[in-house]
Amino acid sequence: MAASGWWCGLSLCAKPKQVASESVHGAQLALQRLTAARRCGGGGDAACVDVEAGKPCKCGEEHTEAAAAGRVAAVEAVHHGKPTSSFAHSVINMVGMLIGLGQLSTPYALENGGWASVFLLVGLGVMCAYTAHLIGKCLDDDPASKTYQDIGERAFGGKGRVVASAFIYLEIFFALVSYTISLSDNLPLVFAGAASHLHLPWVRLTATQLLTVAAVLVALPSLWLRDLSTISFLSFAGIVMSLLIFGTVVCAAAFGGVGLGGYIPGLRLERIPAVSGLYMFSYAGHIVFPNIHAAMKDPSAFTRVSVASFAVVTALYTALAFVGASMFGPSVSSQITLSMPSGLAVTRIALWATVLTPVTKYALEFAPFAIQLERHLPAAMSPRARTLVRGGVGSAALLLILALALSVPYFQYVLSLTGSLVSVAISIIFPCAFYLKIRWGRVSWPAVALNAAMIAAGVVLAVVGTASSATSLVQSIQKGHAA
């Protein structure tokens, strides 16, 4: 009970309309709406409740509620009651959500781009803080908009929703591939003794691949969960793991006896396109911001929350990038955990946190797909059959991601490709475009020029970054086949 009270004091446990996880969808809200719609459709005296407004709804609104269930929100965090998240709680939630897989690659990105690339890291942080502010303005302009997709629909109609949803699903897919590659890279170090003896003569897989398959199979049953409180707990565990990784890297630098002496070049201009994708991935999180906004007692403070959160995250990333790159220099790995001294206790903690993180992510990340799937299943289908379909499709998708991750084990290139191809659009291009379209005629010309310039900069980063990372990825795959 004491531990539970401490968590809730930090606003990390579930509260009414409060973001409590790093999930990228509103699984709880959508599923509750879907259930409410089914109750209406069932006739009789079944009650229908509008879970967002906290009041009864009309059963004649069945189709409206079912459609709303398909509007996948950015985080699993909306419950009955009024918004209760304070300024400090909102900052904690946003910082905890932003710090994730991308932090592992910041030292590698800084070493490759040169110390001057830190200006790009900071600049992207400033741009993303500004676009977070724009999202808040769009939400203030239309209280009916609750999700990132709602903003896209408000700006560009049904096509805007479709495009926003497509990019969100792409980001989820690529992120899960990246998590699985990270899992594959770190598992052999966690089970160093077992990996050397692991061999199945009838299976043409390496020890590392076998360990990865085993870990994914352990996580597979979580895709069959429909208890969203359990899924939310997994999400909280994921946030703790991400923060733990950062702490262990800092401890290794401070007390590990490694020292700072690695050479960092001034600037490698030819590598900046790929580096920009790595940096951009680290700031990806705008799809959850509408829910943080909805969770706040004072939504007018959302801009201050965004500025404070991105200031903290940018400072943490910059410090981690300089510390990691300075410690290991040109030998720094694409994931800082792979470069940490093997004999340190903090290294073991960091490795365990890194391999456990994907296990906590799979069920949460697949929830929007599962909800969309349930929407399109026949109403007469039994709950058991629905569970079988939901779990079976999720399991097949996870095995596909596993196969892709084992076939393309190049963490830095997949991460850079994701940042350039998807994250730039979601975090920079789309928010500026949505804002200009929604508030056109009420925006000053300097603001129009600023947003247009950011859209142009985002397009340039997306094009050159995608081309660079895709080329590197293809070349690495070809070299791997040749070897």
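Every residue gets a Cβ built from N, Cα and C, even glycine.
Any TrEMBL annotation is an automated prediction that lacks curation.
Database features, via TrEMBL:
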DOMAIN    84-468  domain 'Amino acid transporter transmembrane'
TRANSMEM  91-110  transmembrane segment
TRANSMEM  116-136  transmembrane segment
TRANSMEM  162-182  transmembrane segment
TRANSMEM  202-224  transmembrane segment
TRANSMEM  236-264  transmembrane segment
TRANSMEM  276-295  transmembrane segment
TRANSMEM  307-329  transmembrane segment
TRANSMEM  349-371  transmembrane segment
TRANSMEM  392-411  transmembrane segment
TRANSMEM  417-436  transmembrane segment
TRANSMEM  448-467  transmembrane segment
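In summary, the transmembrane segment (417-436) lies against the transmembrane segment (116-136): three or more C-beta pairs, each 6 or more positions apart in sequence, are under 8 Å. Among the recorded stretches 91-110, 349-371, 448-467, the one sharing the largest number of Cβ pairs closer than 8 Å with the transmembrane segment (276-295) is 91-110. The transmembrane segment (307-329) and the transmembrane segment (162-182) are not in contact, since fewer than 3 Cβ pairs between them lie under 8 Å (pairs 6 or more apart in sequence). Against the transmembrane segment (116-136), stretch 448-467 shows more Cβ pairs under 8 Å than any other of 162-182, 202-224, 349-371, 392-411, 448-467. Contact between the transmembrane segment (162-182) and the transmembrane segment (448-467) is not supported: fewer than 3 Cβ pairs lie under 8 Å, counting only residues 6 or more apart in sequence. Residues of the same chain lying 6 or more positions beyond the ends of the transmembrane segment (91-110) and with a Cβ under 8 Å from any Cβ of it are 10-12, 18-22, 75, 85, 117-118, 121, 175, 178-179, 182, 238-239, 242-243, 245-246, 264, 275, 278-279, 281-285, 288-289, 292, 295, 305-306, 308-310, 312-313, 316-317, 320-325, 327-328, 332-337, 339, 354, 357, 411-412, 415, 419. Below 8 angstroms of C-beta separation, residues 105, 173, 176-178, 180-185, 209, 212-213, 216, 219-220, 223-224, 334-335, 362, 366, 369-370, 373, 472-473, 476-477 of the same chain, each at least six residues beyond the ends of the transmembrane segment (392-411), sit close to that stretch.
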